[in-house]
Amino acid sequence: MAAAVRMNIQMLLEAADYLERREREAEHGYASMLPYNNKDRDALKRRNKSKKNNSSSRSTHNEMEKNRRAHLRLCLEKLKGLVPLGPESSRHTTLSLLTKAKLHIKKLEDCDRKAVHQIDQLQREQRHLKRQLEKLGIERIRMDSIGSTVSSERSDSDREEIDVDVESTDYLTGDLDWSSSSVSDSDERGSMQSLGSDEGYSSTSIKRIKLQDSHKACLGL
């Protein structure tokens with residue numbers, strides 16, 4: 001009972017409020033809408049809010065689309081500078097530009113693969129040459145060691161030969177002294193013999209002359 005009374009009172013208050021608004025609107029010269037209950041009022045608020053949201057989202061979408069197209073134009077201009085288009089680059093459409101860009105990208109990828117293959121080959125050759133250099137270094141160290149050993153052995157043999165030569169020189173010097181003394185003695189004996197022979201030859205000649213003189217004297221007699 002009390003609840004029904006409160007509802008009636010609320011309806012009377014809303015009606016009075018409506019009448020007051022109509023009077024004010026009539027005074028200002030414009031009509032007013034029919035009174036709404038709470039549900040209608042909430043629905044109206046939601047509709048207005050959705051309209052505002054839709055208009056806001058639409059304006060946001062338009063702004064984003066505008067920015068996207070501006071960015072796309074900028075990217076196409078940069079792409080024209082990267083892709084070789086030829087002398088008539090200003091007449092190319094967006095489709096032809098993208099087609100040439102695709103072909104150019106494929107060509108660059110092929111060049112990149114070839115470069116990677118060549119780099120791998122050069123790296124393998126470098127590793128091979130490095131191993132060869134290490135082997136040559138080890139071989140050089142070994143040869144230097146062998147050469148130093150041979151030179152040390154050769155120097156030892158040279159010293160031994162020098163010692164042998166000195167000893168043989170001393171021995172030959174003694175032989176030469178003995179032979180020289182023998183030669184001098186033989187020379188003296190030879191000179192004495194020659195001297196004797198000369199003396200014998202002289203005496204024989206004298207005797208022969210004397211015999212000739214005596215023979216001549218006899219013939220003269």
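Just so it is clear, glycine is given a Cβ too, placed from its N, Cα and C backbone atoms.
Here's what Swiss-Prot has on this protein:
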MOTIF     21-49  motif 'Nuclear localization signal'
REGION    30-68  region 'Disordered'
DOMAIN    56-108  domain 'bHLH'
REGION    173-204  region 'Disordered'
COMPBIAS  175-184  compositional bias 'Low complexity'
COMPBIAS  191-204  compositional bias 'Polar residues'
Arithmetic mean of per-residue pLDDT over the domain 'bHLH' (56-108): 82
The domain 'bHLH' (56-108): DSSP-derived helix, strand, coil residue counts: 45 helix, 0 strand, 8 coil
